[in-house]
Amino acid sequence: GDGCGHTVLGPESGTLASINYPQTSPNSTVCEWEIRVKPGQRVQLKFGDFDIDDSDSCHSSYLRVHNGIGPTRTEIGKYCGFGFQMDGLITSKSNEVTVQFMSGTHTSGRGFLAAYSTTDKSDLITCLDNASHFSEPEFNKYCPAGCVIPFADISGTIPHGYRDSSSLCMAGVHAGVVSNTLGGQINVVISKGIPYYEGSLANNVTSKVGPLSTSLFTFKTSGCYGTLGMESGVIPDSQITASSVLEWSAQTGQVNIWKPENARLKRVGPPWAAFISDEHQWLQIDLNKEKRITGIITTGSTLAEFYYFVSAYRILYSDDAQKWTVYREPGMDKDKIFQGNSELYQEVRNNFIPPIIARFFRINPLKWHQKIAMKVELLGCQFSIGRAPKITMPPPQKKNGNKNDFSDDFIHSVKTSLQTDKTPFTPEIKNTTVTPSVTKAVLVPVLVMVFTTLILILVCAWHWRNRKKKTEGTYDLPYWDRAGWWKGMKQFLPTKSADHEETPVRYSSSEIGHLRPREVPAMLQTESAEYAQPLVGGIVSTLHQRSTFKPEEGKEASYADLDPYNSPIQEVYHAYAEPLPITGPEYATPIIMDMSSHPSTPLGIPSISTFKAAGNQAPPLAGTYNKLLSRTDSTSSAQALYDTPKGQLGPGAASELVYQVPQSMAHSAGNKDE
């Protein structure tokens, strides 16, 4: 009738409205909708808005719902009223419903807008519902077909989100998560709003620029909306071809060729353009293997001086570039015509629901401005057999006259629209390939872990064994070093003085002359000396009066077994001796030599000390004493300035020289020449 407004009747859902909605419906109009779904299912009806004049008690203006179609239909209900609220759903008893709208003489009333679906869609909403109608932060709803309506608007875009005042279902169509022809399920997430919402054109829906809002909503999707390589260059130039190429010469003589590889989105420079502008031109993209293609983005020439763009096009796809299939929406017997650009700069997106699975992709321009010119990008993801969606077909119905014609036509349409020249997968292949993969995926890591653990255990055991051998006796000297260590330590121990009397140190010139340098220290140390060696290891005892070092009482003093050349040289830190008592001198009195009475003595002779060299200084003593003996022998006729050796008859004898040990200051003061 003449009272029908916005109407989309899909196979499972749809939207219908009175004429001129949401404005006042005209007088004396009538419209009748016949809704039919799959056999075995029932229809549910939900009103988004209802405003019908009830001044005559639903006599001339009303909305009536019937079970069935035709003369056999039965009435479910008759409704009218201004601002009538119907919270529940009207449910049919069969798969067919008739909705009748009658408008008599009236002065006001917007009419109605309603949505329908099969009864298995319990979360059905209408095209007028927006996010502010729901309090949950996340929810699932079913959008009916036909929610691209001229009297609703949205603000925002993906992935930033949509303003909370936007229609949920219309935004879902714009985002590409549901089809305007088929409807579908949406998963909505509410979040905090943003100050500014962008506008864009996608899937025949124009999103407007929007101001700040307290909240926004987005949609959860499968995530298969990535770019497939036109802009990035993953698709090489050789895989982009066209039916023809625009080539022309500028006034400067430069030849311009707008080649197919120029059709990359956001690429600076000219686009691809066809040499001839007709409906037989095409741009072809080879994806190298089958991909899941979920959408396409197009622009015009993007050159201000060349105002070229494509405003409408078809999509064809193929597996071998020989046999092509035109894209159609399920249930439709006509090719899908996609809305293109309305100017040369704006990016326009169109989504494919369901996705296209193919290797070769063609764009066939149908409408354009001046010339066919465009840049494109494909959206999608890799195609995996294991993740391929299963198309659930209705169970076969028994044919009974013409009642199943609608179902048969719909099934045939679905098969035709999804049919490809090559079968992408079969259940047998899927089951055969998945099971071994799962087994390998579990077995291989387990084996690797077991072998790695065994290797680590063996390495640790070997390392521990070697370390144990290396650390055994780390702080014990080897067998051949233990005796030498004791001998080396004994030379630092003080000698024992039996009678606390002066004991001279005797040096035999006849014996020293025949000794090797290494035997001199042993010879010199055969008798105990008055001066103790430096203390080692913290041994402290009583000091003698005439000693600068402390001898240790009660121990045997034996240095004859020390051979400093046979024992390892060790760095020894001597302990400090305690200071002498107050009654005695601080230092031992040295023997003073008057060098003036020896003019023949070379100046290079070093001075002689009465201190006995300790430890490693033994070898230099041999040379020193040899020099002393030589000088004494050569000057035997002269008067010696040293104290008279004890037990010697005269200063001239050289068989044995015994030098008096220096005395303390109190005893030797009278014997020295001042």
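Glycine is treated like the rest: Cβ placed from N, Cα and C.
Whatever TrEMBL says is automated annotation, not expert-curated.
Record source TrEMBL places Cys31 in a disulfide bond whose other cysteine, from Cys4, Cys58, is Cys4. Here the disulfide-bonded residues are Cys4, Cys31, and the one whose Cβ sees the fewest other Cβ atoms within 10 Å is Cys4.
Helix, strand and coil counts from DSSP across the domain 'CUB' (4-119) read 0 helix, 61 strand, 55 coil.
Note on the domain 'LCCL' (121-217): DSSP counts are 11 helix, 38 strand, 48 coil.
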